[in-house]
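Here the structure is laid out as C-alpha cells; the discussion comes afterwards.
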Amino acid sequence: MNNGLSRRSLLSLGAGAVAASTLAACGGGGGDAGGEISKDAVKLRFTWWGSDARHKRTQQAIDLFTKKYPNITISGEFKEWNGYWDSLATTVAANDAPDIIQMDELYLASYAERGALLDLGTAAKHLKTDGIDPAALDTGKVDGKQYAVPTGVAAYSMVVNTTLLEQYKIPVPDDSTWTWDDLKRIGLEVSKASGGKVTGVQSWGFDAGGVNIWARQAGATLYDASGKVSIPPAVLAGYWQYLLDLAKQGIAPAPSVTVERAGASLDQSGTATNTSAFGTWWNTQLTSLSAASGQQLKLLKLPTNGQAAAAESPYYKPSMFWSISSRSKHPAEAALFVDFLLNTTEAGEVLLTDRGVPSNSTVRSAITGKLADTDKAAAEYLATLKVGAAPRVTPNGASGIEAILKRHTEEVLFERRTPQAAAESFIKELQTEIDAA
Amino acid sequence: MSALGFVRKRDDKAAYLFLLPWFAGLVLITAGPVAASFVLGFTDYNLIQPPRFNGLENVTRMLGDDRLHHALGVTFTYVLISVPLQLAAALGLAMLLDRGMRGLAFYRSAFYLPSLLGSSVAIAVLWRQIFGAEGLFNQFLNLFGLTGRGWISDPDTALSTLIVLNVWTFGAPMVIFLAGLRQIPVMYYEAAQVDGAGKFTQFRRITLPLLSPIIFFNLVLQIIHAFQSFTQAFVVSGGTGGPSDSTMFYTLYLYQRGFHNFDMGYASALAWLLLIIIAAFTALNFWAAKKWVFYDD
Amino acid sequence: MTDLKERVTPVPITVEAAPVRRRGRSLAKHAGLGLLTLVMLYPVLWMVVSSLRPNNVIFRSPGLILDGLETRNYGEGWNALASPFGHYLVNSAIVVLGCIIGNLVSCSMAAYAFARLDFTGRKLWFAVMLGTIMLPIHVLIVPQYIAFSNLGWINTFLPLIVPKLLATDAFFVFLMVQFIRGLPKELDEAARIDGAGHPRIFAQVILPLMLPALATTTIFTFIWTWNDFFSQLIYLTDPDMYTVPVALRSFVDATVSTSWGSMFAMSVVSLLPIFLAFLIGQRYLVKGIATTGIK
C-alpha cells in the first residue's frame, strides 16, 4: 500500500513538472498583427546567425530603423549556426522566442507547421510583399500560408578557378553545353597536369542543393508535393556512383581529404585554398571564396546529363527568410521592421548581398552600383539562369536531411555501402523522420 | 586508527546545517528539471507543441534503434580506452612534476595549456593542424616516406584521434593528482628513506595508498565524464558525429535527437538510460574501492 | 601512524652516487620534457602564429614560420562585434567570480558534512549528489530555462551563478570529500577535545589543510566557467550580456568567409586570463600539507 501511494505521489510531482512545460508551450497568444503601429515604447527582439561581418551590417540596419521610429527599440541577438538553433528551440519551448527570427529553408516547415510562426498574411498591412518575385515568395509558403519571406535568393553553380586552368593550359568549358562526362574529362586533365597537387574537382554530396538539382535533371524531385521522399533510388544511386568515380579516378581528392574539407569552413575548402579547380557552391558564396582564394574564380552553370528535364533544373533557393514569432506581443511593429529590411533601399544599401541577392527587385537594382565585382557576377549569374519552379519546402521532420546525406555520402566514399544500398537506406531513413514528425 | 576512542554522538543537526545550501540547490534547482526530464521520457515532445504521453514507446524504440546501439559501442570503446590512458599520463606526469626539479612551474603550466582551450571553436581547426591531411602527423610520416590520410575524417581512425585529443587534455586530472601528492606528508618519505626503502617501494607503500582517494576520485569522475563526452566530438566533427557515425558518442546522438530532430521526448528517455549505465559503473567502482582505497578513518 | 610521526627528524636528502651521472640524467629528462612540451603545444603555437597572419593566408601557409607580423587582427577582432571585446571579458569575469565564490563556500560546507559528520541518510544523499551529475545537460536545459524564465532570470547572470551558490556542482563536493577524508583524523579529534564545535573545526582545522583542494576548485571553476559555452549561450540572449565563449563563436560561420585571424587573436586574448589564473593558482596547489607546518 505504502508503495503504491509513493508511486502515485511521485507521478503527480512529475505531472506538475510537465504541466509547467505544457503551460509554457501553449500559454499566451501573440498581439494583433494587423493593428496600428504603437506610439508607445516598444521593445523587439531580433535574432540571426552569421559571422561578424553580418553582425555589423545588421546592426547598422537596425540603427537606421530605430532612428526612423524612435519609440521602437530592437535588440539584435546574433549567434553562430549551431548555437542559433539550440537557442531558438529552447526559447520557443519556453514561450520566450524573439519577435523577429531569421529562418532557414530546412527548418521552416518544422517551425511553421507546429504553430511557432506568424502567418505573415495577417500582417500584410505593414509588410508588403508585392515587390518580390512570386517564384521566390512561394518558397516561404507552407500549406498555402506565407510564414516567411525570403531575404534574398541564390542558385547552385559550379565555381571554376580560371587561374589554375590557365596555368595548366586547359580551356574554360562552355557551360551552355557541357555534361557531367565533360566535367570528369576536364577534371582528370587538371589532376594529371598538376601531378596530384591540385585535383580537378572538389567533391560534393554534403548539401541538399546538389541532390535537388541531380533529381531535377533526371525529371524527378527530392520530395513530392505531399512531402514524401520521391527521388527514385536509381537516380540517387547514380549521384553517388558519380561521386565514387570522381574519387576513384583521382579527379577528386581521396575520400578522407574530401570529407575533411567538407566538414571544415568555407575558407578551408579546396576552392578557397586553390587545391581544386572545380567546386559546386551557391552563387552568392563567390565573394567569400574569391577573397579566400586570391585567384580568379568564375561562376559556371552546372553540367547536365543531356536530358530535356535538365533545361529547367536550376531553381532559386531562398538564402534565408525573415519570419515572426506567432507569440510576439508586437507583431505589427515586427512586421514593419521586416518590411524595412526587405523593401527599402536604405536597408538594402547597408545589407547588400550579405543575405543573398535581394529578393526585392527595386532594391536589387538600386544596390547594383555599390556591389563588388564578384557580387555583380553573382547577381548576373542569377539573372541569366533559366530556372524552373522552386522545389517543395523541406518537409516537417526532414530538417536533418543534410546530416543523413553526409553520412551516406561518407559510407559510399569509404566503400562501406554501395551507391544502390546507400540510396535505399537514405530514402528509408529520411522518410521515417518525416513520418515521425 | 584513532588512539582516542571517545564515543561519537550523531551529528545530524550540524550536518543538515552544513548541507543547507546543497539541499536548497537540490530542491530548488536540480529536482524540477530532473523530474521533468524523467516524465518527458515517456512522452513524444517536439519542443514546440505540448508533450504527449506515449507510454513505453520510447523504450521499445531504443531496442530497435541501430544508431543508438552503434553510439553505445563507440562510447564504450572510448571510455574503456581513453580513461586509463589519460589517468596514467596524468599520474605519471604529476609525479614527475611534483618536486625536486628545475622549471617545474613552467612544465606544469605548459602541460596544462592544451586543457585551457577547453571547448573552444579553435579546437576543431587546431586539431586538423595535427591530424588533418596536411597536418603535423602526416608531415612526420613523410619523413619516413609514408603517406598519411585525413586521420580525423577517416571512419577507421577518427575515434582514435579523439582519444588522443582526450589524453592530450590530461591537465585536469594531473592538477588534482598534484594537489593530492602535496597532501602526503614529506615525513613519510623521509622515514621510509631512513628505513632504506627504494623509490619503487616508496611509490607502492606510501604514494599509492595515500593517494588512493584521489586516484579513486579521478577514476570515478573521468568515467562519468567520458560517458558524457560531447564537446570534443561535437567541435571536431562539426556536430555530426561523423565521418559515417564513427565518432557518434551517446550524448551527441541524444543531443541530435533532441535539438536537431525535435525529438526531446526520446532524448530524455535516452538520458535516463545513460544515467542507469553510468550509475551502474559508478556503483561498481565504489564497490571495488573497498578493496583498494585507503581512508584515514 | 603515530610512531611514524615520532621518527621524523630532519633527514639530509640522500645524495646519489655520482653527480655527473645525475646531471646527465637531469639533462635527458629536460630534453624529453622539452620535446613533449613542444608537441603538446604545437596547436596552441599554431593558433598564436595564425593570429599574426593576414586572414586570407592562414589556411594557405603551412607550419609555424611567419613572413611578417600582422597585428591588425588584434585591433579588428577587438572591435568586430557589437561591443569592444573587453566588454565580454568583463562579463565573463563577473560570472567566473560569482561561480568561484559559490563553489568555494557551498561545496566545502557540503563536503565537510559528507566527509566528517555522521548523520542519518548520509550514504543515500551522497548517492543522490553523485546522481545529479549523471544526466546530460541537454535534456535538463529546457525545463531549467522554463523555470528561470518564470523567475524572470533570463538574460541575467543569475542562472549561471545561483546554482553554484547552492552547491549544485557535485564534482567539487566529491573532490573536497576525497581530500578531507585524506586528512589525518587525529587533528579534528584533538580540536574536539579542546572543546571546538563543528563550525570551528571546519573553519580552523579543515579549511587551512585543504588549501590544495580549494586552489584546485578555484582554478577549475575559473577555467570551466570561462570556457562553458552551452548554458551561457542559452541564458544570455542580449549581446550586451554575452560572455567570451559566446562572443568568440559568433565570429564563425561555415558558409561564408570567416575572420579567422580576428577569431584566433581574440582566442589568444581570452586564453591569457585563464593562463594567468593557472600560473598564480598552481603556486597554491603545491602549498600542501608539506609546507603548511603540519608535521
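Any Cβ shown, glycine's included, is placed from N, Cα and C.
Sequence-distant contacts of the transmembrane segment (B:16-42) (same chain, at least 6 residues past either end, Cβ-Cβ under 8 Å): 51, 53-56, 58, 264-265, 268-269, 271-272. For B:16-42 (among others), the entry in TrEMBL reads transmembrane segment.
Look at TrEMBL and you will find B:72-285 tagged as domain 'ABC transmembrane type-1'.
The annotation transmembrane segment is assigned in TrEMBL to B:76-97 (among others). Tertiary neighbourhood of the transmembrane segment (B:76-97): same-chain residues 104, 107-108, 111, 159, 162-163, 166-167, 170-175, 177-178, 181, 203, 207, 215, 218-219, 222-223, 226-227, 229, 249, selected by CB-CB distance under 8 Å and a gap of 6+ residues from either end.
Under the heading transmembrane segment, TrEMBL lists B:109-130 (among others).
If you look up TrEMBL, you'll see B:158-181 (among others) marked as transmembrane segment.
Residues or ranges marked as transmembrane segment by TrEMBL: B:208-227 (among others). Long-range contacts of the transmembrane segment (B:208-227) within its own chain (CB-CB distance under 8 A, at least 6 residues past either end) are made by residues 75, 78-79, 82-83, 86-87, 90-91, 166, 173, 176-177, 179-181, 183-184, 188, 250-251, 274, 277-278, 281-282, 285-286, 289, 292-295.
Annotation comment: TrEMBL describes B:267-288 (among others) as transmembrane segment. Among residues of the same chain six or more beyond the transmembrane segment (B:267-288), those with a C-beta under 8 A of the stretch's C-beta atoms are 37-38, 40-43, 45, 58-59, 62, 68, 216, 219-220, 223-224, 227-228, 250-251, 253-255, 257-258.
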